[in-house]
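Undergrad: Here's the feature list from TrEMBL:
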| type | residues | note |
| --- | --- | --- |
| BINDING | Gly10, Gly11, Glu12, Gly13, Ala14, Gly15, Lys16, Ser17 | ATP binding site |
| DOMAIN | 8-198 | domain 'Thymidylate kinase-like' |
Amino acid sequence: MKGFFITFEGGEGAGKSTQIEKTKSYLESKGRKVITIREPGSTPIAEDIRNLLKSVRSDDRMCDTAELLLMYAARAQLVNTLIKPKLEEGFDILCDRHDLSTIAYQGGGRMMNMEDINAIRNVVLKSFRPDLTVLIDVPPKVGMARARNRGELDRFEISNADFFERVDKAYHDYAKNHPETVAVVDGTLSVQEVSEQIIKNIQERLDV
Ligand code: T5A
């Protein structure tokens, strides 16, 4: 039996990592085999690309096109060498960010041309899509305050407030247009309450 591919999305500090662990526990309690991963990253090559993408460096400025292509290079490596084979083996995969992050951050935040993004997306993913995307909805200010509390900020987190407002809007626009595959949960509630909303959506939408 093929596993479920569930992705977790949201702005900085939305609580994705926290909720992935809780969702994993729930699915395992139902006897399912679960793998948790993150994007960009989760294979040795993709983790190298992640380091390139996240590091703030003074000797060179990454241009938006390089950023977009590196995101998709990491995604191609992860989808082809890990996600697809493990789904076929029957594992459920919980992924911290996936393609919707590119639509939100590079499309919304960086204001890159969506036709160009879709063209690359088509080369890398073709029709491959998550079974369910959980969008953890947290106002950018709340999420950034949580991220700042954790200490040093990466190359994305140092972006200005307008950038994160555009990311947030792109997430909401996408969710509004794809209600059948995107479940929006209120990330300002307690960790336990957010988890309950996510599990309810999984129960209603997937055969778990
Ligand atoms: N990116 C990524 C793109 O631009 N394009 C792409 O295509 C992709 C895939 C990845 C960066 O790359 C960009 C987006 C990102 O900027 P990352 O380190 O993976 O970088 O960044 P995030 O995914 O944002 O990870 P974070 O760790 O910042 O956020 P999480 O995982 O959403 O949040 P989490 O669970 O670590 O929680 C953050 C803090 O909040 C607390 C936690 O205890 C923690 O301290 N918290 C709560 N507090 C109160 N109430 C709750 N309900 C809480 N839930 C968690």
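Quick reminder: no glycine exception, Cβ is built from N, Cα and C everywhere.
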Undergrad: Please classify the secondary structure at Lys16 (ATP binding site) using three-state DSSP.
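TA: Where Lys16 (ATP binding site) sits, the three-state DSSP reduction gives helix.
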Undergrad: Tally every other Cβ atom lying within 10 Å of the Cβ atom of Ser17 (ATP binding site).
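TA: Summing over all protein chains shown, Ser17 (ATP binding site) has 12 other Cβ atoms within 10 Å.
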Undergrad: With the ATP site defined by Gly10, Gly11, Glu12, Gly13, Ala14, Gly15, Lys16, Ser17, which remaining residues of that chain have Cβ atoms positioned within 8 Å of the Cβ centroid?
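TA: Apart from Gly10, Gly11, Glu12, Gly13, Ala14, Gly15, Lys16, Ser17, the close residues are Ile136, Val138, Gly143, Arg146, Ala147, Gly187.
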Undergrad: Pick from Gly10, Gly11, Glu12, Gly13, Gly15: which of these binding-site residues has the biggest number of other Cβ atoms within 10 Å of its Cβ?
TA: Gly11
Undergrad: Does Ala14 (ATP binding site) have same-chain partners at least 6 apart in sequence with Cβ under 8 Å from its own Cβ, and which are they?
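TA: Sequence-distant Cβ neighbours: Ile136, Asp137, Val138, Gly143, Gly187.
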Undergrad: Across the domain 'Thymidylate kinase-like' (8-198), what is the average pLDDT of the model, as a whole number?
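TA: PLDDT averaged over the stretch: 97.
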Undergrad: I'd like the number of other C-beta atoms within 10 A of the C-beta of Lys16 (ATP binding site), please.
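TA: Result for Lys16 (ATP binding site): 24 neighbouring Cβ atoms inside 10 Å.
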